[in-house]
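Following: one structure in structure tokens, then a few remarks.
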Amino acid sequence: MMGPSHALSGAAVWLTGSWALDQFADYHQTPLALAVGTAVCAGGALFPDLDLSGKVTRNQGGATVARTFGVFSLFVAEVMEKISLGVYYATKLSKDPRRNNGHRTLTHTVPFTVLVGWGTTALCAHYGKWAVVGILFFMIGLALRGLFDEWAERAGWVVVTLVSAAAAWFTFANLPGDRGYPMIGLAVGVGCFVHILGDMITRAGVPILWPIPIKRRMWTMIGLPNSIALRTGSKAETVVLRGALTVLAVLAALGLVAPSVLQRFDIQV
Ligand SMILES: [Zn+2]
């Protein structure tokens, strides 16, 4: 799946989940909290592909997401890729094939998703608003890069970085300080998980069962069979899937925001 589809799936899942919590669990969020959660989940849904490194010194290659903050994120991707490859070799069993890069390994597993979600929550709990502003900056950058890929490509990474910084600062200034920020860690974790599911419907698959050994393989790639797998960049992805995700996101957002708008104008339904 391509970057925009991943980001869109993160946003759609977060909005739909928030709508369900609002309707059935009486858990209400302010419009700002909703926007932050949605952006962070969209960014989180691109995070696992930060394991696709390019040529750092020439500012080339890597996944779209690795170019979000120019050479800085390319460098992070390089490090993530090498760490992933290291973990692959450290845990590989006799039937696991040799690899020369770590893409779609460690960052595409459930333990990684849980670790990232928990780590984000721990950072927010320990450092409060300052951790929040840093995480928001990073995640909003990824979300912008994913959701508005053509704009981001034209604008370049410096503009993306500045817009992310401004958005993070605005949120920092307006977010209440007394609630703790459990939803940010959850949004990152859910985003990562949605990314893994997105890659699972493609041909290459993901090692979702790691670290459960199966037939002397630790890194069994699980994906749909070739005949029904989603082809990256096909019409099924760019038109059908993205269309459905957009409709879902818009409906959930309307369901969340409409009641309070109607109430403001004193309209009874
Ligand atoms: Zn991926």
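Yeah, the Cβs are placed from backbone N, Cα and C, and that goes for glycine too.
Listed in TrEMBL for this protein:
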- 30-48: transmembrane segment (TRANSMEM)
- 69-90: transmembrane segment (TRANSMEM)
- 127-148: transmembrane segment (TRANSMEM)
- 155-172: transmembrane segment (TRANSMEM)
- 184-210: transmembrane segment (TRANSMEM)
- 239-262: transmembrane segment (TRANSMEM)
- request: Among 127-148, 155-172, 184-210, point out the range having the most Cβ pairs under 8 angstroms from the transmembrane segment (69-90).
  value: 155-172
- line: Relative to the transmembrane segment (239-262), the stretch among 30-48, 127-148, 155-172, 184-210 with the most Cβ pairs under 8 Å is 30-48
- prompt: Short question: which residues 6 or more past the ends of the transmembrane segment (30-48) have a Cβ under 8 Å from it?
  reply: 3, 6-11, 13-15, 18, 64-65, 107-108, 112, 116, 135-136, 138-143, 145-147, 167, 171, 174-175, 183-184, 187-192, 194-196, 198-199, 253, 256-257
Task: With a Cβ cut-off under 8 Å, give me the same-chain residues at least six positions beyond the ends of the transmembrane segment (184-210) that come close to it.
output: 1, 5-6, 9-10, 13-14, 17, 36-38, 40-49, 91, 104-105, 107-114, 116-122, 124, 132, 135-136, 139, 218-224, 226, 229-232
